Every structure is written in structure tokens, then in C-alpha cells.
Amino acid sequence: MTSAESLLFTSLGPSPSSGDGDCRFNEEFKFILLPMSYAVVFVLGLALNAPTLWLFLFRLRPWDATATYMFHLALSDTLYVLSLPTLVYYYAARNHWPFGTGLCKFVRFLFYWNLYCSVLFLTCISVHRYLGICHPLRAIRWGRPRFASLLCLGVWLVVAGCLVPNLFFVTTNANGTTILCHDTTLPEEFDHYVYFSSAVMVLLFGLPFLITLVCYGLMARRLYRPLPGAGQSSSRLRSLRTIAVVLTVFAVCFVPFHITRTIYYQARLLQADCHVLNIVNVVYKVTRPLASANSCLDPVLYLFTGDKYRNQLQQLCRGSKPKPRTAASSLALVTLHEESISRWADTHQDSTFSAYEGDRL
């Protein structure tokens, strides 16, 4: 057994082999795949999210509810990508972590903090869209920017609170001259970590994903009704774009990662056949960069669904100055919402899409 193989086996946890208890992994692919993947996510994520934060802070105020959710989504993505250089070094150095236990805990914590904050912020956007399309009067009440800000603060705190045990599970472990930064925990604590991780997954991924699917199913049923008017067609197109982008992020980033991670954890707990466990391990490691890629895909949501964001981004790329805000444009959101209430009261049905017209980035 080579030293590299011994190191990889030590990091596994409970011995998965049903024979002599020695199941060695050949993870050479990981030392190429993960550094390259995380480096790409770092460059693209920072290049896409840093200008987004600047636009939200200096060119897109005042925010409506959707802009509030998207700002916090971009902030979460930016914080995460800033931690990726340490992981690039760690995997390029073949599982050697020289940065101390505290930073190991923080980087692993930040991965899941970003992951589940992103899930919940996308769920907030989905519910907000659903209310604007299917229940416009409730959208006026619950879609206020102040309520959205409080909800975002709650998301940050709830996710952080749920992940506090992760700070105790994750640790470093010396193996000769190499120091491991566990992405789970020590072998003797692995079964407890799986129970904790499964509970967090159900609460912060399973339930929000179910809510998102229900909202978009109800939205799709309403959106495919025939509607007159160009403005309503524009609103419908924007909503369909939102559905497409959010479901793509879930399908590409979140769902594969959680499925393969669950299979991998259970295979280790049940001490599956070594050959099976090797295959599961490879598939799981491949989906980890996909989970990080949501930091690059989220900006597509702002670009496809936000007219104001798209216009300001074009001005920023051209180096032109923003146009001065007029009183009429400052009051546009209020006027359009008031108009939507009037239309809804008159028709009780088809103008529900207009209630969302003012909610443009």
C-alpha cells in the first residue's frame, strides 16, 4: 500500500470492507478534478458576483423584495468563493492543510452555509413569484422590502444555527507529515455526523425544494392560461425564465449532490462492498464541484429576470454613467402596484400577472 493510498484510507472513516477491513481508495482523480474545478468556480464566481454586489449597492436602490433576496444570494455566493483558494491549495497539495484547525472548520462550515442559504433564498424568490402571480393582493402585503429583509436575516441566522454542530464535527487530523481537513468528521464520530447531516438535509433542502416545486407547479398552471396584453406577456416571460433558471440550479447543483452524498454516507455506514464504495465515492466527489457551481449559475437568474439589472450591467460594461433617477421612476413601483390592485379588483382573474410587473430588478 503506497503512502498516498494509506492517507486516503485513513480519511475514510469506518472501514467499509466486509473482508479484512481494509478498503483502499485510489483518489488520484480528486487531486486533479477538485483543484481545477474550485479554481474555475472561484474565478467565475468572483467575476460574476462582485459586479453584481456593486450594482445592487450603488445602482439598483431602492430595492424591491426580489432585489433584496437576490442581493443576499449574491452576498452568500461571494463569501463562499472567497474561501475557495484554500481548498484549491489543499487538494493540489494532496490533502495537506497547513492553515490550522479553526480555518478548516470555517471553510467547511462556509460551504454548507452558502449551500443552504442559496437554497432558501431561491425558495424565497419562488414563493414571492408564486404570490405575485397567483395571489397578487397577498403579494402586496407580504412582498414589502422590509419584510424581505427580515426574512433574509432569518435565513442567515437559522442556517447558521442549524450548522453550528458542524463546527464541532469538522476537525483536522495529522497523518505523518500530512494534516487532513475532514469534510465530515473523525472516523469514530462518523455515524453521529450522518444523523446530523441527514436532519439538516431534510430541513434545509428537502422541505424548501418541495415548496419550490409546489409553487412552480401552481405558477405553471396559471401561466399557461391565455392572457391578453403585451405587458402581461412580458410578465409571463419573466416568470417562466425564473422557473427555468431556479429549477436548473436545483437540478444541476443541489439535487445530484444531495443524492450522491446520501448514498455515499449510507454505503459507508452499512459497510458496503469495497468495489461498490469506490464507485459511489467517485460519483460523490464529482458532484461536489457541481454544488459549488451554484455560485456561478445564480447570476444567470439576475440577468434573465431583471430588466433593470441587465440594463445597469450593460452600462457598467460600456463604462457609461447611470442615468439620474427621476421622480417618476422612483415612484414606478408604487404606481404599478396600485394599478395592479385596481385591475385585480375589476377582473378578479386575468390581471394577476400585472401585479408582478413592478417587481423588476
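Positions of Cβ are set from backbone N, Cα and C atoms, glycine also.
Both ARG59 and TYR224 carry the same topological domain label in Swiss-Prot, so the record keeps them on one side of the membrane. Partner cysteine of CYS104, as given in Swiss-Prot, is CYS181 (from among CYS152, CYS162, CYS181, disulfide bond).
All protein chains included, ASN175 (N-linked glycosylation site) registers 16 other Cβ atoms within 10 Å of its own Cβ. Of the recorded residues, ASN175 (N-linked glycosylation site) and CYS181 (disulfide bond) place their C-alpha atoms 11 Å from one another. Taking Cβ pairs closer than 8 Å, the transmembrane segment (150-170) reaches residues 68-69, 72, 104-105, 108-109, 112-113, 116-117, 120-121, 124, 181-185, 189, 192-193, 196, 200, 203-204 in its own chain, all 6 or more past its ends. Across the candidate stretches 31-58, 193-218, 284-305, the maximum count of CB pairs under 8 A to the transmembrane segment (109-127) is reached by 193-218. Each residue in the topological domain 'Extracellular' (171-192) gets a DSSP state, and the totals come to 6 helix, 8 strand, 8 coil.
Shown in sequence order, TYR90, ASN95, TRP97, PHE99, CYS104, VAL107, ARG108, VAL170, THR172 are the residues of the chain, 6+ apart in sequence, with a C-beta less than 8 angstroms from the C-beta of CYS181 (disulfide bond).
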